[in-house]
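Asker: One structure, pasted below without further comment.
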Amino acid sequence: MSARMVIVTGLSGAGRNSVLRALEDIGYEAVDNPPLRIVETLVRGDKPLAVGVDARTRDFSAEDVLSTIDRLQTRGCVRPELIFITASPEALQRRFSETRRRHPLALAGTVSEGIETEQALTRTLRNAADWVIDTSELSLAGLRQIIDQRFGLGGPGMSITLVSFGYPSGLPQEADLVLDTRFLRNPHYIPDLRDRTGLDPQVRDYIRQDPDFPEFFERVSGLTDYLLPRFVREGKKYVMIAFGCTGGKHRSVSLVEMLGSRLRNADWNVLIEHRSLGSRSVGGAWKAMPGAHQGAPMPGVQK
């Protein structure tokens, strides 16, 4: 067997799309919701493949998904791993409420009815899964860490996640290092900057003018220059550095952006996550963070 393949399924709102994006970021070719009858044709060469299927997939049935996996194994070219993404009904209902989206299986019913219907449709897949990942109390960065640890290809090296957050929301539990930026001048008190964020160059320029900023940023840069190569030497595959401020919008975001730019210029593999803004950046491309739960600890992963 030469190719590696994972099939990602689960409950709507649990984070299946986030898992597919995480797999794509670490080198997989990701295909979402192809008709089941063509899945076997997608396996070619040594390129690792991630296929997303759910109740919206054409011709979907749990039995057909398992039959497809059996046929791929019989061919001998690949042994697909089945990942099932789940979350508690309370977490799913909260996410659908926050995004104001209708559950795809709710039809004229309620979100809770849609969740119950999908749980019944996918129960066989959950029972057959190689991995069950519960995202109820899992942050996006924590989910990405699990995916990288379990399904990483060993190519890109250590992954660095830089996180900005607001202290009222709590510290990121998965962080290896937390830095407090609240001693820096606060753009919140400048009327022209209050409604902007650290993604805005004007906000970053204002923070750079703080007399304490140059030495602080130099010391942070020196610390990362010292630590990161040693983390790599230790065999660490993932590290998270978090910056906090009062609201999680100005100072922490600015520091994450500036350090992220510096590390990317040094060819480090960097993911940026702004928890209070609900966004993330991979290689400089911004994406929304649907359903990301802030400041939550990582749960266990069932195998």
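Glycine is no exception: its Cβ is also placed from the backbone N, Cα and C atoms.
Annotation source Swiss-Prot lists ATP binding site at Gly10, Leu11, Ser12, Gly13, Ala14, Gly15, Arg16, Asn17, citing sequence analysis. What Swiss-Prot lists as GTP binding site is Asp54, Ala55, Arg56, Thr57.
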Asker: Does DSSP put Asp54 (GTP binding site) in a helix, in a strand, or in coil?
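Answerer: DSSP call for Asp54 (GTP binding site): coil, neither helix nor strand.
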Asker: Nearest to Gly10 (ATP binding site) by Cα distance: which of the binding-site residues Asp54, Ala55, Arg56 is it?
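Answerer: Among Asp54, Ala55, Arg56, Asp54.
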Asker: Count, for each of the binding-site residues Ser12, Asn17, the other C-beta atoms lying within 10 angstroms of its own C-beta, and report the residue with the smallest count.
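Answerer: Result for the binding-site residues Ser12, Asn17: minimum number of other Cβ atoms within 10 Å at Asn17.
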Asker: Considering only the binding-site residues Asp54, Ala55, Arg56, which fall within 10 Å of Arg16 (ATP binding site) when distances are taken between Cα atoms?
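Answerer: Close binding-site residues: Asp54.
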Asker: Which one is closest to Arg56 (GTP binding site) in space, judged by CA to CA distance, out of the binding-site residues Ser12, Ala14, Gly15, Asn17?
Answerer: Ser12
Asker: How many Å separate the Cα atoms of Asn17 (ATP binding site) and Asp54 (GTP binding site)?
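Answerer: Rounded to the nearest whole number, the Cα-Cα distance is 10 Å.
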Asker: What is the one among the binding-site residues Arg16, Arg56 whose Cβ has the most other Cβ atoms less than or equal to 10 Å away?
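Answerer: Neighbour-count leader: Arg16.
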Asker: Around Ala55 (GTP binding site), which of the listed binding-site residues (Leu11, Ser12, Gly15) come within 10 Å, judging by Cα atoms?
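Answerer: Hits: Leu11, Ser12.
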Asker: Write down the Cα-Cα distance for Asp54 (GTP binding site) and Leu11 (ATP binding site), rounded and given in Å.
Answerer: 8
Asker: Would you mind ranking the binding-site residues Leu11, Ala14, Ala55 by how many other Cβ atoms sit within 10 Å of each Cβ and giving me the lowest?
Answerer: Ala55
Asker: Do me a favour and check the Cα-Cα span between Asp54 (GTP binding site) and Ser12 (ATP binding site); whole Å is fine.
Answerer: 8
